[in-house]
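Notes to accompany the following structure.
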Amino acid sequence: MLPIHLKKNAAIPLLSAFFFFLIVCPLATIFIKTIIINDRLDFSYTAATIMESQNAAMILNSLLLGLLVVITSTLLSIPLAYLFSRTTFARYQIFDVLFLIPFMTPPYIASMGWILFMQKRGLLEQIFPSLSGGVDSFFSLTGLILVMSLHVFPFMLTILKNAMTRIPSSMEESAAVLGAGFFRRMCRVFLPLLTGNYVIGALLVFVKTLSEYGTPYTLGRRIGFEVFTTNIHRYAAVAPVSFGKAAVLASVLVSICLLLWIAQNYVTTHHSYQLISGRGCRLSLKDLSVPAKLGSWLYIGIILIIAVGIPYFSVIMTSLIKLRGFGLTAGNFTLQHYTALFTDTEDALSAMGNSLLLAVAAATICAFLGTLVVLTLRSCHRKSGRPLEAVSLLPEMLPGIVMVIGIMLFWNDIYGILPLYNTFGILIVTYVVLFLPFTIQYVTSSFTQINNSLMAAGQVFGGTPIYIFRRITFPLIAKGIAAGWMITFIISLRELVAPSLMAPPNTLVVSTYIMREFEQGSVSLGMSMAVLCVAFTVAALLFLTRYVRRLPK
């Protein structure tokens, strides 16, 4: 039931038109800019841009990086997924939270932590003076792959772990009875059943890698490794600006992502298996031998150290060091950098205020629009609501920088009609477009558990649509709305691409403030802001999680 006075047949066209304007028009603008040159159809500009030596090399770099990150994430995730799903290690649920920390950490902050740790006269050299000159091998493609893999492997881990828990133990036991050894059971029984889920995880990791801007910008530039996001950003923000070339590269990136989605749908359609039926799914956890347990604990510890320990240690220590030249020595630690954020500079307070305002505004608007979309889709025929659902979820399928470039070009073109471009408002619009799918998915998840008979009963007893929504529907979906608000708020606090490209002059947010201080040499001040950003994010997550748990079921 809709909580507003809109007829069912009017709600879908109105919302569809609104999201077409908000999402489809910016994407269409990108493609139009690539083929309409001087008011005529011309593909030569697109071809010339792609064939430029630096752009052609960049495209190959991006695809190679994505492939290598998928392989590395797979190697990191498979042992962990097996341990936490098929062995007694599954009882240690604390690891579910610990291995989400790398994902919750903004990638540009983790990358900065690694740079501070590995660089010449860095923290590693101070701990181990014999490693003078830093670790040169880290500042290479290998280091970039490692840092990016440590950020995205939790996606692969979660998907594989959930898939493994749905494989009945009876299948593996049957193969063992027939004489198959462990590795043969893995290759002939276990891994084929994971194909569909693995393809989903691999595609997600690949697209996330192509979409990532923070790590390639902070670490990739140091080694001269350009990728899609850094080149698009350079063409759109660095003189001489070329929106045309940025649009061409963005359209190529969109095309690659869409082809990957098509391939993923084909594989999952033909390689998905129904493993849970009315007979249930019996899962027995294996008790490993003592050497296997020791090896497992060692592996888990190493992954946690390199994924969480090193970047957090570097960021926190750097924020506390008084003089970087003296490093980790007694008496060289201070809290003055934290104090300076609130007393010595207005930029830091302004950045924090802007980030909070953007996060609250974007999360609230997304919660309203996302709930409205889900309610509308639930009240209409399934086929008539598919276009609205597809358009509203479209930003989730595409790299964020593509949507940002599209919004830049589109709102710049209509500036004479709607002068929102180059204002604070355009940042709110961009955040809403980027993060709306999160709310839609969380509210949809809550709605799938509600039977329509509840609303029908409310109508039978004379309840108005508003009354039914307020007393029946809203309490049942409140957790989904709150979860969507929480995720949008957290991600908005750390967003980097949108403000770096679209923020009005002299307008900073937390992410751009950290990047500016890191690049200008005030590293301790930037890392102090990074620590506060992560701490506030974790505190907000814990508070809102506790609040959601208190909501009535």
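Placed from the backbone N, Cα and C atoms, the Cβ positions cover glycine too.
Some features that TrEMBL has for this protein:
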type	residues	note
DOMAIN	59-264	domain 'ABC transmembrane type-1'
DOMAIN	352-546	domain 'ABC transmembrane type-1'
TRANSMEM	12-36	transmembrane segment
TRANSMEM	56-85	transmembrane segment
TRANSMEM	97-117	transmembrane segment
TRANSMEM	137-160	transmembrane segment
TRANSMEM	189-207	transmembrane segment
TRANSMEM	243-263	transmembrane segment
TRANSMEM	297-321	transmembrane segment
TRANSMEM	356-377	transmembrane segment
TRANSMEM	398-418	transmembrane segment
TRANSMEM	424-443	transmembrane segment
TRANSMEM	480-503	transmembrane segment
TRANSMEM	523-544	transmembrane segment
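Of the ranges 243-263, 297-321, 356-377, 424-443, 523-544, the one with the most Cβ pairs under 8 Å to the transmembrane segment (97-117) is 297-321. Of the Cβ pairs linking the transmembrane segment (424-443) with the transmembrane segment (297-321) and spaced 6 or more residues apart, fewer than 3 are under 8 Å, so the two regions do not touch.
Below 8 A, the CB atoms of the transmembrane segment (297-321) and the transmembrane segment (523-544) form 3+ pairs separated by six or more positions in the chain. The stretch in closest packing with the transmembrane segment (480-503), judged by the count of Cβ pairs under 8 Å and taken from 12-36, 356-377, 398-418, 523-544, is 356-377. Counting residues 6+ beyond its ends, the transmembrane segment (398-418) has Cβ neighbours under 8 Å at 23, 25-27, 29-30, 33, 207, 210-211, 213, 228-229, 232-233, 236, 243, 246-247, 250, 253-254, 257, 426, 429-430, 433-434, 497-498, 501-502 in the same chain. Panel annotation: around the transmembrane segment (356-377), residues 1-4, 11-12, 15, 385, 388-389, 392, 427-428, 431-432, 435-436, 438-440, 442-444, 447, 469, 473, 477, 481, 484-486, 488-490, 492-493, 495, 509 of the same chain, lying at least six beyond its termini, place a Cβ under 8 Å from a Cβ of the stretch.
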